[in-house]
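Below is one structure; the comments refer to it alone.
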Amino acid sequence: MKESFKVCFCCVRNFKVKSSEPPEEIKNLFHDYSQDDRMSADEMLRFVIQVQGETHADINYVKDIFHRLKHHGVFHPRGIHLEGFYRYLLSDFNSPLPLTREVWQDMNQPLSHYFLYTGHNSYLTGNQLNSNSSIEPIVKALRNGVRVIELDLWPNSSGKEAEVRHGGTLTSREDLQKCLNVVKENAFQVSAYPVVLTLEDHLTPILQKKVAKMVSKTFGGSLFQCTDETTECFPSPESLKNKILISTKPPKEYLQTQISKGSTTDESTRAKKISDAEEQVQEEDEESVAIEYRDLISIHAGNRKGGLKNCLNGDPNRVIRLSMSEQWLETLAKTRGPDLVKFTQRNLLRIFPKTTRFDSSNYDPLVGWIHGAQMVAFNMQSHGRYLWMMQGMFKANGGCGYVKKPDVLLSNGPEGEIFDPCSQNLPIKTTLKVKIYTGEGWNMDFPLDHFDRYSPPDFYAKVGIAGVPLDTASYRTEIDKDEWFPIWDKEFEFPLRVPELSLLCITVKDYDSNTQNDFAGQTCFPLSEVRPGIRAVRLHDRAGEVYKHVRLLMRFVLEPR
């Protein structure tokens with residue numbers, strides 16, 4: 001078969017198109033585990049156990065594989081030929097991730113023992129300056145498994161009602177009741193585990209009282225309310241199933257927060273706002289407002305009193321949620337990494353993007369995760385490598401939006417030493433061997449001239465580990481020129497110190513010597529979820545949506561030290 005590409009107006013370039021065929025190693029494996037060019041069910045079972053590492057498999061498991069292959073027209077009653085074996089290896093039921101979306105981790109520990117799928121400014125459709133506010137991003141986030149939704153609450157133009165908007169910008173406004181309604185309707189569509197509604201509160205006490213009634217009426221029995229402000233331990237995700245938790249600053253901390261934010265506001269204007277707010281507090285029945293609003297709050301957000309020096313001291317009698325910017329986190333990670341880990345063993349730590357990310361870009365989530373930060377807040381409307389890592393992390397544990405932190409972040413050493421993710425002395429625990437054989441499906445999911453106008457694509461792949469600094473590494477294959485079905489046949493090794501905090505990131509691009517290389521697919525997933533063996537790795541687009549046909553054939557081997 002040939003493909004023709006026009007060059008200018010009169011010339012035509014012809015390229016021979018190869019079909020997808022098994023690499024030599026796959027052919028050899030088939031011959032090793034088959035007889036007379038057919039692989040029987042018993043021989044397939046031996047392959048599945050010995051090569052794929054599926055020790056739980058039995059003959060019925062293999063018969064199910066054979067049954068599925070009937071739909072590909074490559075099945076024979078006496079077994080499968082090489083083509084059928086290759087189709088099995090590239091099939092959806094040979095994924096590197098678990099085939100069923102089941103929650104398998106212990107969900108009975110405190111909330112602080114889990115990473116939570118967390119959104120930032122969840123109502124924005126685009127940039128942070130002048131995009132629209134809408135309920136649609138909230139719906140999409142919840143249906144994608146996000147468990148922490150953030151709403152910024154401000155007085156409307158009349159000052160008589162609360163509305164959702166990004167204050168100090170030209171973004172549009174959204175009705176608070178609409179936002180609450182879609183949270184209620186979509187909170188538990190894909191996961192029964194609790195949704196945390198983070199309210200960034202810029203309201204007067206009068207409006208706080210109105211919001212308290214609105215929230216209580218909307219969520220009713222789904223609203224989890226904890227009257228004990230001095231709880232020493234957060235409840236577990238299991239005990240909070242189908243519950244909505246409110247996290248915000250208690251009313252008494254509202255004025256303190258406004259004062260601390262004064263660096264970007266004119267002093268006289270800020271002083272007048274504080275004075276007006278103080279008068280309202282005095283004029284209203286402060287106690288009743290505080291009680292109504294406090295009763296909503298089940299995760300109390302504490303102030304960062306004392307700056308960098310004292311913010312991680314914690315309180316042995318009370319757990320809180322502390323928020324800090326990515327910049328503050330980076331500073332603390334360099335100087336007080338173990339203190340961050342210790343703080344997050346009991347308390348919740350929320351990280352948010354720096355204020356200069358006007359384009360709604362994101363930051364490296366691993367900096368927060370390797371230090372135990374549970375709520376690494378992301379702009380879900382922005383695409384790129386860091387969002388792929390976020391999406392990859394929360395493929396774990398059945399995609400329920402909660403991933404249990406590894407023991408290294410929760411337990412101290414025999415002499416009380418706390419894990420330091422940036423240590424240069426971490427021992428190697430295991431070696432990951434990743435072999436990338438080939439890829440297929442681009443010719444079915446993309447137009448003929450999508451990558452190159454005058455020739456088939458020149459694909460190469462990048463394979464990397466994102467984790468603690470010593471584990472982070474990336475490699476790339478050679479470029480396979482003019483091929484819709486690239487064959488790389490390349491193996492990479494990754495010595496890993498903390499594999500339980502590692503993400504495997506894979507990207508494919510089309511090389512172009514004159515312009516920027518074209519994106520051709522990506523995927524990312526936790527190493528803790530990977531099934532060893534030869535697997536079909538499906539790729540996703542920039543937004544994280546899976547392609548229908550594009551996939552890679554890869555092999556994963558973990559060798560403990």
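Placement of Cβ uses the backbone N, Cα and C atoms for every residue, glycine included.
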To which of Asp449, Asp452, Asp471 does Swiss-Prot also attribute binding of Ca(2+) 2 at the site defined by Asp510, Asp512, Asp518?
Asp452
Cβ within 8 Å of the Ca(2+) 2 site centroid (Asp452, Asp510, Asp512, Asp518 excluded): which residues?
Phe451, Pro457, Asp458, Lys509, Tyr511, Thr515, Asn517
For Asp518 (Ca(2+) 2 binding site), what is the secondary structure by DSSP, using just helix, strand and coil?
strand
Quick check on the binding-site residues Asp452, Asp458, Asp512, Asp518: which one has the highest count of other Cβ atoms within 10 Å of its Cβ?
Asp458
For His120 (active site), which residues of its chain lie six or more apart in sequence with Cβ-Cβ distance below 8 Å?
Glu150, Phe352, Pro353, Ala377, Phe378, Asn379, Met380
Consider the binding-site residues Asp452, Asp458, Asp512, Asp518 and say which one has the Cα lying nearest the Cα of His166 (active site).
Asp518
Chain-internal residues near Asp510 (Ca(2+) 1 binding site), provided their CB is under 8 angstroms and they sit 6+ positions away:
Phe451, Asp452, Pro457, Asp458, Phe459, Asn517, Asp518, Ala520
